[in-house]
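Trainee: From TrEMBL, here are the annotated features:
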- B:21-40: transmembrane segment (TRANSMEM)
- B:60-79: transmembrane segment (TRANSMEM)
- B:100-127: transmembrane segment (TRANSMEM)
- B:147-166: transmembrane segment (TRANSMEM)
- B:178-196: transmembrane segment (TRANSMEM)
- B:202-224: transmembrane segment (TRANSMEM)
- B:236-257: transmembrane segment (TRANSMEM)
- B:277-296: transmembrane segment (TRANSMEM)
- B:308-326: transmembrane segment (TRANSMEM)
- B:338-360: transmembrane segment (TRANSMEM)
Amino acid sequence: MRKTLLALAAVAGLLFATAAPANAYEPVNIVHTEHVQAGPYGMTVGFSTWPLKAMQSLDFTFIPDGGIDDKSGTLTMINPEGGKNRTQPLVRHPRKREVWGLDVRSMPRPGEWTFHFTVNGPAGSGTGDLRALPVLDQPGPPMGLSWAISTLPLIGLVVLVVVAWRRTRSRLRGGELPAIG
Amino acid sequence: MDLTASGVRTTSVAKQARTGLLPANVVLGGSLLSLVGLTWDIQWHSDVGPDTFFTLPHLFLYAGSAVVGLASLAVVLLTTAARRAGRPVDPRIGGRVVNVFGRTFAAPLGYLVSGVGAATFLLYGLWDQWWHGLYGFDAVIDSPPHIGLLLSITVSLIGTTAVFAAAREYRWGRLGTLASLTVLLTFGPVLALGLQQVPDDYADAVSIGCSMMAVLLVTVGAGFRRRPGGAAGTAALVLVVQGIFWWFSPWAAKAYADLVDLPLRDAISGVPEMPSLTPLALLPVAALMELGYLAGRRRGWRAGRVSVVAGGIAGALLGLSLPIQRVLLYTGAHLPPAWYLTTTAVLSGLFGLLGGFAGWRFGGMLCLLAPAKKGETADA
C-alpha cells in the first residue's frame, strides 16, 4: 500500500514538474502591422500570425502613438456580412501589459473583416477603421466532417436510448412502478 | 452467533450493499473531479486566458475521466471473473450484465456505459490536442473536439446515473441517482453552448437547449423517485452545486493565476461563467412541477401524462427566464425584443413537452435497472 502511494505521489510530482515549464507562457511576437488613423490618434495594429486564417488563434496588439497611459478606447469587430460584434473596451494585453491587445483570439470565419476603433485621450475623441482585413479559409478538415466525428457519442447515446426504450416498453406500459424508500 | 437462514441473508445483503457502494462512489467522485475541472477551466479562460495542455483545470478534467474509466474497468473485470468462476452476479452492482465481444467480458450495464464514455473522452482528448496543434489554444467552448469531450462526459454521467439507479433499494442508490442527475444538469448548459452553431435569428437556441435539458433531467428525477420530491430534490441539489461553484470558480481562477504569476484580465465581468449558465429559476419551476404532480395524483391522472404538461409549462418558463437572467447578471447585456422572447419561450415550451414525456419514461427505465425481486441474478 505504501509503495503504491509513493508511486502515485511520484507520478503527481512528475506531472507538476513537467507542467511548470509549460506554464512559462509564450511572449507576444508581432510579425505584421497595419496602421489606422482614429481621429487625432495614429494607431498601430499588430498581428502575431500573418496572413490570418479562419479559426486560427493569434495575439492582436493595438498601440496608439504615445502609448496607452492617458487614453481609453473601444473596439468593434464587423464581420464580412456587416454584422457587428459587441463593442468591447480596449484593455491591456494579458502578456504584454504596456499595450492594448487581444490574446489567443481567432476570427471565426473567412472574408474581409473590419475593426472599428474609438480612442479617447488628451486630444479629444476619434474614430477609425481598419477595413478589408483579409481572413483566409480555415485550415484542417471541413467542419462537416469534424462535427460528424465529434457527435459520434451522441449517435451512440441515441442508439442506446432507442434500444432501452424498446426493451422496457412492455414492462413500463400500463402499470405504474412502485416507489421505493 | 446467529446462524439462522434469515441472519445469513441479512449479512449477505449488507455486504452486497457495501460492495456496490465503493465503485459507485468512485465513479461519481471522478465525475465531480471533471465537473470541478470544467468550471475552473471555463473561468480561467474568461478571467485569465493563456492556455496550454498542462494546466491544473485540464489535469482535473482528465484525472476525473481516468478515475471513472479505471473504476468502470475494474468492475467489468471483477464481474467477468465472477461469472467465469460460476458465482452469481448481483444486479444491484451496476445493473444487468451485458456480454461484450461475445462472452469475453461480462459488464454491468451502468459501468459499461460509464467506462465507454471515459474511454471516448480520452480519444477525443487526442482529437482536441491535434485540433489545438492546428488552430492554437483559442479557448472556444463550442469547437467540435470540445463538444466531443463534453458528450463523452455526458455518456459517462448517464452510466453513473444507471449505476446508482441499479441500487435503488438502498438509500445511497436513490441519493446517488439524484446526485448524478445533478452533475448531468450542471454539465448540461455547457453542452447546450454547442447550439451556438445553430442560427439564432428567430429564437435563442442555447436557451431552448438549456431549458429542455433542465426539464428532462428534473423529470427523470421525478420519474425515478415516483413520489413527491424527485423533481424539487434534483433542482435543490443543483442549486447547492451552483452556489458552491459561484464562489469556487472565480476564486480558483484567481488563485491559480497568482500561483503561475499571471495577471487577471483588465475587463472581466466578475460573473462566474459556468454557474451563471444554469437556470436560476430552476428550483421554483421544479416546485411548480411538483404541484402539478400532486394535483394529478389527487385527481387520479396518469403521472406520465401530467409530466408532459408540467414539462411544457416548465420549459416555457425556463426558456423565458434564461435571456432575462443574462440581462440581470451581465452589465451591458440587452433584453431581446418581446417577439424574440416569445418565440424562445414557445419553442422551449414545445421541447419541454418532449422533455416531460421522455424524462418520466427515462425515470421509469432507471427504476427497471434495479432487480424486480430479491435474490435475482444479473445475467440478462
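Keep in mind that glycine also has a Cβ here, set from the backbone N, Cα and C atoms.
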Trainee: Under 8 angstroms for C-beta pairs, at least 3 of them, ignoring pairs fewer than 6 apart in sequence. Is the transmembrane segment (B:236-257) in contact with the transmembrane segment (B:277-296) by that rule?
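Mentor: Taking Cβ pairs at least 6 residues apart, the transmembrane segment (B:277-296) and the transmembrane segment (B:236-257) are in contact, with 3 or more under 8 Å.
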Trainee: Look at every Cβ pair spanning the transmembrane segment (B:147-166) and the transmembrane segment (B:21-40), keep those 6 or more apart in sequence, and say whether at least 3 of them are under 8 Å.
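Mentor: These two stretches do touch.
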Trainee: Given the cut-off of 8 Å on Cβ pairs that are 6 or more apart in sequence, determine whether the transmembrane segment (B:338-360) and the transmembrane segment (B:178-196) share at least 3 such pairs.
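Mentor: The transmembrane segment (B:178-196) and the transmembrane segment (B:338-360): touching, no.
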Trainee: Out of B:21-40, B:100-127, B:202-224, which stretch touches the transmembrane segment (B:178-196) the most, going by CB pairs under 8 Å?
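Mentor: Looking at each of B:21-40, B:100-127, B:202-224 in turn, the most contacts to the transmembrane segment (B:178-196) are made by B:202-224.
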Trainee: Which bits of the chain, at least 6 residues beyond where the transmembrane segment (B:202-224) starts or stops, bring a Cβ under 8 A of a Cβ in it?
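Mentor: Residues packing against the transmembrane segment (B:202-224) from afar: 161, 165, 168, 174, 177-178, 181, 184-185, 188-189, 191-193, 195-196, 230-231, 233-235, 277-279, 282, 286, 289-290, 293, 303-304, 307, 310-311, 314-315, 318-319, 322-323, 336, 340, 343-344, 347-348, 351-352, 354-356, 358-364, 366-367.
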